[in-house]
Amino acid sequence: MEVVIIRVGELTVKRGLTRAEMERLLLRAAREAAEECGGARFEKEPGRIYAYGDVNCLKKALSKVFGVKSVSPARVITYQKITDIALEAADLWSGIVAGKRFAVRVHRVGEHAFTSREVAAEVGAVLVAAGGRVDLEDPELEFYIEIRGNRAYFYTEVIEGPGGLPLGSEGKVLALVSAGIDSPVAAWMLMRRGAHVDVLYCNLGGTITLRHALEVIKRLLAWSYGYNARVIIADCGPVARAMRRGVREELWNIAFKRALYRIGVEIAKRLGAIALATGESLGQVSSQTLQALAAVEAGIDMPILRPLIGMDKDEIVKHAQKIGTYELSAKLPEYCAVFSRRPRKWALREEVEAIDLALYDAITEVVNNAKIVRKRELDEFIKALTPPHDIEIDSAPEGAVIVDLRDEESYKKWHLPGAVRAGVDDVLALVDKLGRDKTYVFYCYSGGLSLDVAESLRKLGIKAYSLRRTRNAVPPSSQGERGN
């Protein structure tokens, strides 16, 4: 019979009611993961869980369940004597061992009339007879046999799981996720420590950017077996507009991060979360210096968890690649209207108070209008997002007005030939001045804002596009700070 062996990690050191509850949570998550494979039958023993079903599918799904140390697809038999084990091993492995160096690893649990070494010797003998050569130090093939009671499990594959604690064993956290590289990793790391993680995404772009971000979040939540996580989508446009009107540009980075914290706290309280989580890494960008972090969290009455605080970018990227979000995150367009070209790394208390006052109404509006989508509804929600299919183009049509949405200094250093400059708040005035019957093509540092502006103008009946190629055409020295 085919089975998947599930090994648990930290859970084994727990005792009593705590362990029983964690086992319940892990089994609940495992059952949800198994639904992707048509379901499974589970059996539990001390230190092991066995899943019977579509083994090839289950080994992949169950290796993404938090609390699982590793899994192995295996063949299980009921034996009566040691020769039964050797015969099964010969049947399974004789066909692949010829001419290969191999090792037999045996693990036993319980009382038996033989030792692990005796089993290894018996199995090794039949595999040598099949043309293999024993090499315990540097084998080409490793054959594993696990013996528990009168059952023997045969396997060759050990697939690493995420480890950690079962999801839901450590309370609820609201993660501020931009869908860039860092913040999904931070959310994943807290999920790994047993937290139920809901996600807050602050949308500053149009439908295309939102869809892309939700695909990243969906990839993250593919790990959240056992919890139908909430995705809170907040239209943060009001905050960006209020900030540009009422906050000095050098403080935009700090102001926007602080607004995110304020929005997060209010939504977290409504959801019953007891902490916020962010993807900040100390010193990575100007808004993540100690001085800046002290300014943005001053007066915030909720714990702020920063799992990445001591990691460098290379470490974070490796984690993102491991959990499967990196490729999508790296392609996410950035909104470039809320980052200062010369950001301040600190703020005085009175400046922070002024920021709170300037953004209070906008923050309230964002919180009250936020949408909540459950993980299981996310696919349908994404499918329902229908941006114009032709909004991104590679070159401007003849006679089109090309509009540079970057700051004035960057425009002076470099811009596309014939382009005019306009800030995001000036776009409508520019269109009214030049005529709504013209075609407008926008570009920005990396595309997020230009997509958003083009889509917004199309809703007003104006022919507008975002220029795709400028994402790589804008000189790196002109590009704004990338958020988390």
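Heads up, the Cβ atoms here are built off N, Cα and C, so glycines get one too.
Given the structure is predicted, the values throughout are model-derived calculations rather than measurements.
According to Swiss-Prot, the features are:
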DOMAIN    56-158  domain 'THUMP'
BINDING   Leu176, Val177, Lys257, Gly279, Gln288  ATP binding site
DISULFID  Cys336-Cys444  disulfide bond
DOMAIN    396-479  domain 'Rhodanese'
ACT_SITE  Cys444  active site, cysteine persulfide intermediate
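Features per Swiss-Prot, on structure.
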residue : record           : DSSP class
Leu176  : ATP binding site : strand
Lys257  : ATP binding site : helix
Gly279  : ATP binding site : coil
Gln288  : ATP binding site : helix
Cys444  : disulfide bond   : coil
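In terms of local Cβ density within 10 Å, Cys444 ranks first among the recorded positions Leu176, Cys444. Recorded residues Lys257 (ATP binding site) and Cys444 (disulfide bond) have their alpha carbons 21 Å apart, per Cα-Cα distance. Binding residues for ATP (Leu176, Val177, Lys257, Gly279, Gln288) extend across at most 16 Å, taking the greatest CA-CA distance. Counting every protein chain shown, 23 other Cβ atoms lie within 10 Å of the Cβ of Lys257 (ATP binding site).
Between the binding-site residues Val177, Gly279, Gln288, the minimum number of other C-beta atoms within 10 Å of a residue's C-beta occurs at Gln288. In the domain 'Rhodanese' (396-479), helix, strand and coil residues by DSSP number 35 helix, 16 strand, 33 coil. Recorded residues Gly279 (ATP binding site) and Cys444 (disulfide bond) have their alpha carbons 25 Å apart, per Cα-Cα distance. The distance from the Cα of Leu176 (ATP binding site) to the Cα of Cys444 (disulfide bond) comes to 24 Å.
When DSSP labels each residue, the domain 'THUMP' (56-158) comes out as 37 helix, 35 strand, 31 coil, counted as helix, strand and coil in that order. Across the structure, Val177 (ATP binding site) and Cys444 (disulfide bond) place their CA atoms 22 angstrom apart.
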